[in-house]
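All remarks here apply to the structure that follows.
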Amino acid sequence: MASSTDLSRINESSDTGKQQNRVVAEEEWLQKWEANNIGFHNEQGHPLLKKHLDLLLNGRSGLRIFFPLCGKAVEMKWLADMGHNVIGVEFSEQALKDFFTEQNLSYSEESIPEISKAKVFKSTSGNISLYCCSIYDLSSKIAGKFDGIWDRGALVAVNPCDRERYANLMLSLMDKNCSYLLATVSYDPNKYKGPPFYVPEHEIESLFGKFCEIKCLQTQDVFSERQKVWGLDYFLEVLYLLKIFPG
């Protein structure tokens, strides 16, 4: 859990520094995938999801679980093997094809009539569906609503100017009993331009607080040589649980 030092650092970095106007184009993300510059990908699966899985599942089986900006996250296969239905969205077609190849899964491709030039990749088993399109083209009409959301590397990758739009989309995709696990990062945004972008706790409250109960589950120090190269001297990962208010 968060130490007093961790909490003071989060409070010290209460603004987003120079990041507020930072815009990363979709082409830049595609180039990262083409160059295999994907240090954000976790080949072993995320330890915070494993640790707090019970809060996502909440004793339920056969859930519809959403992975926004999913990349080739290995946790999608892991949850599908547990019997859940996994739905993801990702702009990079290469990332999605890599997922199925690396997980040794056969799949089919289908067009999405509601979204021009978009595709959905479906596992032959039927319980993994990955949409290849802009996340903002997705809606509950197309993808349905979800019982759980695992958001790691998504909100922190969204351009700061688009966060409200992103949050409104997530809220529209949440079923009334949805458990939304949201992982953010905390560091000094004046020392690194992102992504991943720094998202302060007060912004989580601003984006979701009118509709969701928000609980900070864990703060952990994940500072490594990679962040040192970015010019940072600390780097924290913060995990929240969001639940729609009853009523």
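Quick reminder: no glycine exception, Cβ is built from N, Cα and C everywhere.
Straight from TrEMBL, the features:
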| type | residues | note |
| --- | --- | --- |
| REGION | 1-21 | region 'Disordered' |
| BINDING | 29-40, Leu69, Glu90, 134-135, Arg152 | S-adenosyl-L-methionine binding site |
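Positions of the features from TrEMBL, shown on the structure.
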{"residue": "Trp29", "record": "S-adenosyl-L-methionine binding site", "Cβ contacts under 8 Å, 6 or more apart": "Phe91, Ser92, Ala157"}
{"residue": "Ala35", "record": "S-adenosyl-L-methionine binding site", "Cβ contacts under 8 Å, 6 or more apart": "none"}
{"residue": "Leu69", "record": "S-adenosyl-L-methionine binding site", "Cβ contacts under 8 Å, 6 or more apart": "Val89, Glu90, Phe91, Ile135, Gly153, Ala154, Ala157, Val158"}
- Around Ile135 (S-adenosyl-L-methionine binding site), how many other C-beta atoms are within 10 angstroms of its C-beta? 20
- Students should find that the Cβ of Lys32 (S-adenosyl-L-methionine binding site) has, within 10 Å, a number of other Cβ atoms equal to 19
